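Working notes, beginning with the structure itself.
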Amino acid sequence: MFLRQEDFATVVRSTPLVSLDFIVENSRGEFLLGKRTNRPAQGYWFVPGGRVQKDETLEAAFERLTMAELGLRLPITAGQFYGVWQHFYDDNFSGTDFTTHYVVLGFRFRVAEEELLLPDEQHDDYRWLTPDALLASNDVHANSRAYFLAEKRAGVPGL
């Protein structure tokens with residue numbers, strides 16, 4: 001369910017949002033990042049993902065979001081659960097008058113690059129970066145870099 005902008009602003013102002021983030025790896029061990037065109041995190045490189053909608057199962061959200069973000073509909077079983085994360089932003093989708101808080105479920109999976117049809121609605125460019133390269137870049141948002149920090153990986157299988 002998509003809300004009118006005024007209703008969505010009330011939700012964002014009042015409650016955390018639930019989202020899925022995708023830690024997408026190619027065959028060379030590089031990870032997909034898109035340069036965001038919208039708030040929050042506008043102008044930063046960020047892993048793909050998106051919000052879970054009201055009354056939407058996680059399975060349905062995973063399929064909808066992989067299609068919307070990658071052009072490839074994948075079942076939730078394609079991803080390895082990568083933990084629960086918290087993202088806090090000083091701005092929101094419409095400006096800076098209130099903050100945004102996400103509770104994020106991370107999923108990691110590998111894809112064949114040639115199967116992806118990357119959209120341009122929320123990102124104006126895409127890159128594949130190694131963990132070392134993305135950790136070294138201040139253009140990669142701290143919330144995306146956190147998925148690759150050694151101290152964060154300790155309890156998360158896979159990386």
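Don't overthink the numbers, they just go from 1 along the chain as shown.
Here the Cβ of each residue, glycine as well, is placed from N, Cα and C on the backbone.
Looking at 6-27, 50-71, 116-137, the stretch flagged in Swiss-Prot as motif 'Nudix box' turns out to be 50-71.
The candidate list GLY29, GLY43, GLY49, GLY95 contains one residue that Swiss-Prot assigns to the Mg(2+) site with GLU69, GLN122, namely GLY49. Separation of the C-alpha atoms of LEU3 (substrate binding site) and GLN122 (Mg(2+) binding site): 18 Å, rounded to the nearest whole number. Secondary structure from DSSP puts PHE8 (substrate binding site) in a helix. Shown in sequence order, PHE22, GLY34, PRO48, GLY49, GLY50, PRO119 are the residues of the chain, 6+ apart in sequence, with a C-beta less than 8 angstroms from the C-beta of GLU69 (Mg(2+) binding site).
Secondary structure of the motif 'Nudix box' (50-71) per DSSP, as helix, strand and coil residue counts: 13 helix, 2 strand, 7 coil. For PHE8 (substrate binding site) paired with GLN122 (Mg(2+) binding site), the C-alpha to C-alpha distance reads 18 Å.
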